[in-house]
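Annotated features, as they stand in Swiss-Prot:
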| type | residues | note |
| --- | --- | --- |
| BINDING | H58, H60, K149, D318 | Zn(2+) 1 binding site |
| BINDING | K149, H189, H245 | Zn(2+) 2 binding site |
| MOD_RES | K149 | N6-carboxylysine |
Amino acid sequence: MQAELVIKNGLVILETGEVITDVAVQGGKIVAIGQDLSGERVIDATGLVVSPGMVDAHVHITDPGGGYRDEWEGYVTGTAACAKGGVTTFMEMPLNQIPATVDKTSLEIKYKAGENKLKVDVGSFGGVVPTNLADGIQELDEGGVSGYKCFLGTCGDRSIEGDFQNVDDYSLYEGMKQVAKTGKVLAIHAENAPITDKLGAVAYQNGETTLAAYVATRPVFTEVEAIQKAILFAKETGCRIHICHVACQEGVEEVLKAQAEGVDVTCETCTHYLYFTTDELDAIGPVVKCSPPIRDADQQAALWNHVQTGGIAFVTSDHSPCTPDLKDTTNAFEAWGGISGVQNNVDVLFDEAVQKRGLSLKQFADMIAANPADRYHLAQKGRISIGKDADFVLIKPNAPYILKAEDLEYRNKISPYIGREIGAQVIQTILRGETIYAQETGVTEAFNGVFIKN
């Protein structure tokens, strides 16, 4: 019997390691792995690495924009960038869309905004904020979110009704108790708000303008203290937690220490922390501003070590786009803090991790797909194995190219990777057996993606 699709002769990353073999797909699922399989459609992957499609566990899509952020990043452009970049599934953050996703009503608004606009599959985070502790967390659970998100650092615009808010200590404690009852994971932006806010205000008042000065207002200890607090509260409440975008080795070490004590905690870092360092930020400009900030070369080397040894569970983009005017300033303190990166996870990470640092292909696939899928219970995602969704990214190794602005599918062609030579290329992306991007034909016109509801 012929399968609907067979991917032939690729170097396929399996649970047991990589092997040159064929993969057969029927009804959007992987149905066979082996030699000499036959299919109605055949993709010749000779010379290519066949990886599970990336599961990017940290992406912001600003849809709906609520009249405030309508030009930031919608589902159409954001998911097109995912397709071109080899991301077949992402976890969408509950901000910066208006309204923020914090209860049944706002979750339904978000689902409605994405109807017939998704080129990839999307899991959802619900927010934990001071205003949704009555019943919002339970409503989000019933509405199918795959996890929750809160901010310890300051976030949101208080002048915009319905924008996201960071938690105070009581809201964190009470929110964790409620999330614990759902059994789902609370992802945490861990920075000390009072100290970073004050240091930033003082630096701005003193006339500081550089990105180096901005980094100095968010010192390592402000990240570590917030991680320690989150872990302490997790011990008290039994809440499963995940620390987002860790930018320092000391933060990872706190997570590892807590794991050894039996706490259900994991952490991620982001592609940009593994690629850029503080000393080059001002030459690049505000396009590379984010929080926590990009730290020095020693911190980057330590993060890479934790990636290689598994202390960092997975790597994300923290794709946080905005309009060009919010980056067009000579004062780093006035610029929007967020990096557009979802289109250049797979190629940059393959080059930096596998080709330059010798990470195994199995480790690569775990880092971009299996581990995030497991953490957020995306049961059909993350692995090339029989019965899983047929989600693949085909990668051409040792194929350098220079990224140009016109290559980007984002609504706003902003990225710190523009002009950089990237040493691998995404050749094709497949979602549940359907090609959603091919290098020779571009991104599909179809909207085959769905919201995953847990």
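Quick reminder: no glycine exception, Cβ is built from N, Cα and C everywhere.
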List of residues, in chain order, with Cβ under 8 A from that of D318 (Zn(2+) 1 binding site) and at least 6 apart: H58, V59, H60, C244, H245, C270, H272, C290, G338, I339, G341
Surrounding CB atoms that lie within 10 Å of the CB of H189 (Zn(2+) 2 binding site), all protein chains: 25
C-alpha spacing of K149 (Zn(2+) 1 binding site) relative to H189 (Zn(2+) 2 binding site), in angstrom: 8
Cβ-centroid neighbours of Zn(2+) 2 site K149, H189, H245, 8 Å, sequence order: H58, M93, C150, F151, A187, I188, A190, C244, D318
Neighbourhood of K149 (Zn(2+) 1 binding site) by C-beta distance under 8 A, where only residues 6 or more apart in the same chain count: M93, P94, L95, F125, G126, G127, V128, L186, A187, I188, H189, C244
Three-state secondary structure, D318 (Zn(2+) 1 binding site) (per DSSP): coil
Cβ-centroid neighbourhood (8 Å) of the Zn(2+) 1 site, H58, H60, K149, D318 excluded: V59, M91, M93, F125, A187, C244, H245, T316, H319, S320
